[in-house]
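Here's what TrEMBL has on this protein:
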type     : residues : note
TRANSMEM : 12-36    : transmembrane segment
DOMAIN   : 14-455   : domain 'Major facilitator superfamily (MFS) profile'
TRANSMEM : 56-74    : transmembrane segment
TRANSMEM : 86-106   : transmembrane segment
TRANSMEM : 112-135  : transmembrane segment
TRANSMEM : 147-165  : transmembrane segment
TRANSMEM : 171-192  : transmembrane segment
TRANSMEM : 263-286  : transmembrane segment
TRANSMEM : 298-320  : transmembrane segment
TRANSMEM : 327-349  : transmembrane segment
TRANSMEM : 361-388  : transmembrane segment
TRANSMEM : 400-420  : transmembrane segment
TRANSMEM : 432-451  : transmembrane segment
Amino acid sequence: MNKPWIKNPSKVLPQLMVAVWATWGYFSMGTVRGWSSPGIPSLNRTLDFEMSSSDFQWISSFPMLGAMLGSLFINKPMQYYGRKNALIGHYLIFIGGFLITGFTYFGKHKSMLYVGRFLMGFAAGCTTPAAQIYVSECASPRIRGRMGSLTASSLALGVWLTYIIGSFVDWHVLSWILGCLPILFMGGSFLLPESPVWLISKGRHQEAQRSLQVLRGKGTNIEAEIERIKEHQERVAIKSGQDDTVMQQFRDVLTSGPVVKPLAISLSIMLFQQTTGINAIVFYTVSIFQTAGSSMDGTYATIIVGAVQLIFTVASGFLVDRCGRRMLYIVSAITTSIPLTAMGTFFYFQHQWGDQEATDYFGWLPLVSLMVFFITYSGGISNVPFIIMGEMFPLRYRSLLGGISSSFHLFCTFVVVRFFPDMLREMGKDGTFYFFAGCTLLSAIFVYFLLPETKGKTLEEMEQLFSSNNLSESRKRINCLDDVIAMEISLNGTVVLLGRSETNDCDTEELQLSVNKL
């Protein structure tokens with residue numbers, strides 16, 4: 001039975017504060033994604049320089065092209081300068097992107113918009129692997145899922161706040177306001193501890209010990225965890241040998257089973273997340289309500305939808321370490337397909353009956369459907385892909401694979417956002433939402449058969465999982481493997497570690513109690 005995660009606040013609160021501050025990059029990413037919904041209609045209303053309808057589509061989707069490059073670029077800064085410094089540096093790009101976009105109001109040339117939006121996206125691409133990997137490496141296994149889910153909450157908060165500000169100011173003022181926030185986030189990031197995993201990988205053991213002590217609380221004995229991380233680093237170093245070049249890493253990505261399997265799973269889930277239509281809906285929320293002929297003003301409906309998404313994204317963070325990643329995603333995917341089907345049905349009736357009659361009978365359905373969509377989407381699909389990205393990748397390749405996975409995710413986002421208007425035109429509005437619903441159901445089947453449960457497992461155990469010869473055997477093994485460090489208890493004044501050892505025959509579940517004086 002899981003115990004309340006705040007039972008030991010002295011141990012949890014330092015990790016929580018670090019995770020909250022580290023995920024402000026996701027907040028800025030949310031502002032980039034949310035900008036289009038109020039920003040594009042506002043730009044269209046106040047336009048006093050030349051732009052075509054195609055330019056508007058490209059301005060909406062252009063950040064995703066920058067994000068693909070950013071997620072690959074951040075790999076080397078994370079490796080050589082550390083997770084913390086990579087987070088600090090990427091805020092400068094956010095600031096530049098928003099300010100250039102805002103100053104287009106004076107420059108009056110669309111090229112400034114393209115440059116500004118590209119830089120916004122480049123910074124957003126840097127955020128995904130940097131923040132998620134940093135949080136995963138800093139959090140203890142018992143609460144890592146909840147800490148990792150803060151990224152999705154910060155993203156939803158950024159989108160919602162952009163909706164609210166954008167309903168009261170013009171696009172250029174919105175850009176300037178959003179460009180000021182990363183200055184605050186960057187300043188606070190200087191106070192964060194560096195990832196102890198990265199510090200140990202660089203041989204800076206004393207700094208790693210101090211960093212881990214800050215993260216686990218002053219009264220916590222961290223010796224066992226430090227030793228576990230060191231031993232794992234040594235095994236990785238022996239296994240990798242001297243041939244650790246970029247080309248060798250890329251060859252391993254293409255040929256090594258322990259690398260290919262987690263990467264393939266992560267890429268597939270990133271693809272399925274985008275084929276729910278989430279970012280098409282976020283980028284074009286106001287336009288969807290206008291197209292549906294909803295009686296409610298599209299701007300206010302967007303604010304309501306954004307608030308619902310934020311609330312339930314935060315709520316799902318409390319479930320991810322109780323229900324597990326697999327179950328949360330499967331339930332979320334099945335229930336998310338229902339409002340998508342309902343939206344498709346509304347547009348079907350709109351096509352058959354005409355706009356006025358469909359609105360008279362079902363005018364309430366678009367708002368209700370999108371509210372339910374964001375509730376169910378936020379329950380699992382929103383955060384599970386990012387959580388497992390920080391958990392499944394081997395340490396030696398974590399920065400590289402995180403960049404590849406993030407870049408692919410952003411490429412999928414770009415494709416869906418860029419061609420969403422074309423899908424509506426070619427497939428019909430009803431066919432587009434039926435397509436999203438079908439892909440969402442398909443993702444539930446994929447996760448059921450192929451995604452192993454990562455709940456409560458150490459990052460080192462996850463590497464052992466994918467070293468297995470086949471994935472079905474891996475799932476069996478991980479379900480039979482408890483935490484290496486399950487709990488710390490005091491017995492007659494002696495601190496002991498209670499753990500379970502993995503056996504070849506998981507059905508017998510032979511347990512081993514190891515008592516080690518620290």
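The chain as shown is numbered from 1 upward.
Yeah, the Cβs are placed from backbone N, Cα and C, and that goes for glycine too.
Where the annotation comes from TrEMBL, it is an automatic prediction and has not been curated.
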So what's near the transmembrane segment (56-74) in sequence-distant terms, Cβ-Cβ under 8 Å and 6+ beyond its ends? 32-33, 36, 40, 43-44, 86, 90, 93, 110, 113-114, 117-126, 128-130, 283-284, 399, 402-404, 406-407, 409-411, 413-414, 417-418, 421
Please work out whether the transmembrane segment (86-106) lies in contact with the transmembrane segment (432-451), by counting C-beta pairs under 8 angstroms that are 6 or more apart in sequence and asking whether there are at least 3. no
Any contact between the transmembrane segment (147-165) and the transmembrane segment (327-349), i.e. 3 or more CB pairs below 8 Å with pairs at least 6 residues apart? no
Okay, the transmembrane segment (112-135) and the transmembrane segment (298-320): do they have at least three CB pairs under 8 Å, pairs separated by 6 or more? no
Honestly, do the transmembrane segment (327-349) and the transmembrane segment (112-135) touch, with at least three Cβ pairs under 8 Å and pairs 6 or more apart in sequence? no
Using a cut-off of under 8 Å between C-beta atoms, tell me which stretch among 12-36, 112-135, 361-388, 400-420, 432-451 contacts the transmembrane segment (263-286) the most. 400-420
Roughly where does the domain 'Major facilitator superfamily (MFS) profile' (14-455) sit in mean pLDDT, to the nearest integer? 84
Result, the transmembrane segment (171-192) in contact with the transmembrane segment (12-36) (3+ CB pairs under 8 Å): yes
